[in-house]
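**Q** Sharing a structure, written as structure tokens. Questions coming.
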Amino acid sequence: MPIRVKSRPQGVQRTESLRTPSPRHKFGFVAELPDISEEDSFRDVVKKLSVYIADTVVLPSTFEQLRTTAAGDGLRALVDHLGRTCTHPAIVNALLALKWHYGTSVEDKGLMDARANACEIVAWRFLTHLSEREAVDYCLYEIPDPKDVESHSPTDEEEGEVDEHSALLAQALHSSVGSSRRTPHSASTKRNLLLSSISRLTMSMTGDDEGGEGEEEDPTANFTNLNALEIAAIADAKRFLSQAVVQKIITGIWEGSIIFWKDLSVHSEKKPQFYNPSTADPFSRLRVPKYLKSFEVLFFLTFLGLYYGVLVERDPTRITPLEIFLYIWFAAFALDELSEWIDAGSIFYATDIWNVFDMAMIAIGATFVGLRIVGLETHNEEMVNLSFNVLALEALFMVPRVFSILSLSPYWGTLIPCLKEMGKDFIKFMVLVVVIYCGFLTTFSLLGREHLSLHDMVMSLTKIFFGSSFVGFDLIPKMDTLLGPPLMIIFITLSSILLTGSLTGMLSNSFSRVITHAREEYLYVYSVYVLEASTSNRLTHFYPPFNLLAVLIFRPLRLFLPSDNKFRAARILLLKATHLPIVAVIEFYEWLTIGSSKGTQYSGFRGPRQAVIGSPHPAAAKRFAQARLSNNSLRADNNNHLSQLRPPAITAISEGAIAGRRAQQQAVDEAVEGRAFGQHEGDVEARIADLTAKIDRLTELVLTLQTQSSTTLGNVGVA
């Protein structure tokens, strides 16, 4: 069969836009690897990395293409280079800041998304080149403020608003110079500040920063006091946060193995460190997210009991003592939510769906109190009854909020992001339904205006949408005999078949689409919650309802007393006096669950051990750097030696022997650090002996295979 080919006239030019090219990269071009020294500032690190990423990722690519295909060769080279040479503590912070910048760019979305994915891939692959404790150092390193020459002293809730904000946003979203009292920015202003910061840096990445405005205003100043995990939360780096080593760090923060406040004193400083029960202040356990969540559940159970008590009592003539306690709980809850919103910022506060429930509870509670007081003052019985009806709505949000602890379970926490995304798609689809229904409602109301009111027609069409198709057939005799029947049949068919079927299929596709990434969504929400609960810069955090006591005592005193160390010491004293029973319960629980293993606070993380995270011991850091270089050299020499051997089994076994040597070296290093910290060596010595025996057996097997291969090659040569 002949094939007919359409020819395009030579003089006609194509007017449509060119298709986005496929992700083929210029393999002949090799970008220059960035030379990052430990003395470089954060802005210099971001600038060098942005130059390399821009030169390497030049075409749109998906995350999987960058991770598994030749499109990511430049990223692998960068990871290897950083693993061998880079010791800058802010390298992960810089990569995640660039990820956020590229991910929020609106120009050439495909290319910018590819670069954002590239930064995220490099960030988590770089962590795989480190030991677990080194990964903790990099992930919890906070970007210092170069202009801050004064020491960082602890701040109190009553002492300046900005100092009380969590490091998630507010600490990074105000000017680092000026007066001690700074004004926090709104959510949109915060996001714009961060975006403009990196944008100004990347736009000038080929220029010279010396002198001029570059020295007057640092584009990265808004990122100071943020650690890598907080930047990852800002950047929506969900794949990074879902990595095993990152989740191990976040779990350590959740369980209290990693703390940010060692003690509660006037001169305490916030710094991430491993918890040591023999030296840490017991009151520092009040900041552990696990205990914060547990007390939150207890608070809501008490709240729910007071709520049911007031509804059962329902005194329309006066405010009862039980109702007064309910008002106190309402006020303490609202104050705690306000503090959390200020700490985290509205961007992260809205990330947790349960915070939406909290806002609804506060709004309903405020409405109830207002209607109740006005009704009692005016002796309006109708308004009093309305206030209790409004309070009845509180159960719609309070009962699910009590059981919000289930969202921390992987099973229930995986379903919540799916329901959230399905709800968004449902709302979008209902816009189309409302538009169509408005048209039919107008038509049917006019066709049946003699027999049906507007209210009756609205209810009838709503019943038809929810499956009661027979209602539409009952309405046909009451409308125009010529136009009514065909229009009603069209509407019933449209509602029962087309719209309902389309909605069901769309929600099914939404669930299937989201469930594949639901684990990442769950871990992201979980990570944000842990960071919000643990990284606040306030020294004294009062549990509700004790937060009301702190406000009533110290807020009036601020008007005429200076905010000095004595003022801060008084807040600490009040905290210890009111929270002593809670601390006693926490200590008893840890004594029961941890017991004799309380001294092994470093056992969960492998690598060099240091008490303060982010400031590793110089000798340990040097030894591990030399170990990495020696391992790389050993790997290269071994590959060159085995490249002449054909049997693949030899290569696999040799690589296993090298891995065994690396594990042995790491075990030796842990033993040395364990002696320095006074830890027991029995387990480590047994591990070293076991690894040594395995390496000896692998070496003998390699030599045997090498001898057999040489004999085989000799016989072939003779033949």
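The chain as shown is numbered from 1 upward.
Cβ coordinates come from backbone N, Cα and C, glycine included.
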**Q** Can you dig out which of the ranges 1-23, 139-161 TrEMBL describes as region 'Disordered'?
**A** 1-23
**Q** Give residue numbers and ranges for long-range contacts of the transmembrane segment (488-507): same chain, 6 or more residues beyond its ends, CB-CB under 8 A.
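**A** Beyond its ends, the transmembrane segment (488-507) has Cβ neighbours at 422, 425-426, 429, 433, 436, 440, 444, 461, 464-465, 467, 469, 472-473, 475-476, 479.
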**Q** Which bits of the chain, at least 6 residues beyond where the transmembrane segment (295-312) starts or stops, bring a Cβ under 8 A of a Cβ in it?
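**A** Same-chain contacts beyond the ends: 320, 322-323, 325-326, 329, 333, 388, 391-392, 394-395, 398-399, 401-402, 405, 543-544, 582.
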